[in-house]
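See structure below.
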Amino acid sequence: MAAPLRKEHPIFRILNSTFVDLPLPSNLSIWWNSGSLLGLCLVVQILTGIFLAMHYTADITLAFSSVMHILRDVNYGWFLRYVHANGVSLFFICMYCHIGRGLYYGSYNKIETWNVGVILFLVTILTAFMGYVLVWGQMSFWAATVITNLVSAIPYIGTIIVQWLWGGFSVDNATLTRFFPFHFLFPFIIAALAVIHLVFLHNSGANNPFAFNSNYDKAPFHIYFTTKDTVGFILLVAALFSLALLFPGALNDPENFIPANPLVTPPHIQPEWYFLFAYAILRSIPNKLGGVIALVAAILVLFLMPLLNTSKNESNSFRPLSQAAFWLLVAHLFILTWIGSQPVEYPYVLLGQVASVLYFSLFIFGFPIVSSIENKIIFS
């Protein structure tokens, strides 16, 4: 009897080993859906972005008007724009769930997969920031001015790099025209990095909630996990369409519906909600260079997780102290997100400083110390 085409054809064979016959631990929970949801979000963002780019004009005199043209005059342009604008919020929600699952269940022990994932996170942040600038509303313009100006804190070469980024001595037409092609290009780089991420993942094998050896109990990806992923897809699309159709501007800053004006500063400059935790850490340090270092360290600290891990048990499923530390970290992230949306005044500055110190303390001291204590309790 001839083998199925999916097992014989050189291209289909690769797809088959990735999406059909891939053996996975049978006890994977719903938290393992976030990876496939990220893939769906990326596809949606690329497709809607391509159609939006057909009608967008990367010029400071026309950028805001071209966005309004898309909303008013292009067939279903309003739908494309709001799906794209709200899709990035769901993208980051899925990404934070994915990172949180990795921290909780010890995915950082698969070092290559974890490091590529953190790089993916960084590239996604850059992509989203440049896309936010393209609207050329008030908050877009001033956020671009403030965030890019932080690079000037780098000793000796900072000012030169900022002027190179701007294409002049301020955020202007050159800045917008170079941000647009980079924003168009980066999603394809993200897709390539995602493939590398999957290659490393399939090479090392997926972990599972209990961190047990799963070689004795595995199930094929299709039809068990494709069915579960499909349920996640339906829920994600329902959430995205609900946002785009019923609450299209709920997650956008009202200031961004005003055309950019370099002569009028908004009362409170802030990035989109998914960057607020990092923004709160940035402004909690009064020194400019110190704030930039803290901002970058808030993301790069994820690279240190494999080195800081002291636990003999990979997963947190049977480690109550580590579970408490993890949820304390999640609470701090919510607090920092809330503080980032508040004015720079007492008591928000003080709360931000305390939450920032605790954020880094949990990563550098909290998790290793708690894991060492659990090792003594469990294995002594």
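Cβ from N, Cα, C; glycine included.
In Swiss-Prot this protein carries:
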TRANSMEM  34-54  transmembrane segment
TRANSMEM  78-99  transmembrane segment
BINDING   His84, His183  heme b b562 binding site
BINDING   His98, His197  heme b b566 binding site
TRANSMEM  114-134  transmembrane segment
TRANSMEM  179-199  transmembrane segment
BINDING   His202  ubiquinone binding site
TRANSMEM  227-247  transmembrane segment
TRANSMEM  289-309  transmembrane segment
TRANSMEM  321-341  transmembrane segment
TRANSMEM  348-369  transmembrane segment
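Taking the features listed in Swiss-Prot, we show where each one sits on the structure.
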residue: His84; record: heme b b562 binding site; contacts (Cβ under 8 Å, 6+ apart): Gln45, Thr48, Gly49, Leu52
residue: His98; record: heme b b566 binding site; contacts (Cβ under 8 Å, 6+ apart): Ser34, Gly35, Leu38, Gly117
residue: His183; record: heme b b562 binding site; contacts (Cβ under 8 Å, 6+ apart): Thr127, Met130, Gly131, Leu134
residue: His197; record: heme b b566 binding site; contacts (Cβ under 8 Å, 6+ apart): Thr113, Val116, Gly117, Leu120
residue: His202; record: ubiquinone binding site; contacts (Cβ under 8 Å, 6+ apart): Ser17, Thr18, Leu22
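When each of the listed stretches 78-99, 114-134, 227-247, 289-309 is scored by C-beta pairs under 8 angstroms to the transmembrane segment (179-199), 114-134 comes out highest. Long-range contacts of the transmembrane segment (227-247) within its own chain (CB-CB distance under 8 A, at least 6 residues past either end) are made by residues 30, 33, 36-37, 40-41, 44, 79, 82-83, 86-87, 89-90, 94.
Using the rule of three or more Cβ pairs under 8 Å, pairs at least 6 apart in sequence, the transmembrane segment (289-309) is not in contact with the transmembrane segment (34-54). Sequence-distant residue pairs (6 or more apart) of the transmembrane segment (321-341) and the transmembrane segment (348-369) include at least 3 whose Cβ atoms are under 8 Å, placing the two stretches in contact. Just going by CB pairs under 8 A, the stretch in 34-54, 78-99, 348-369 that sits most against the transmembrane segment (114-134) is 78-99.
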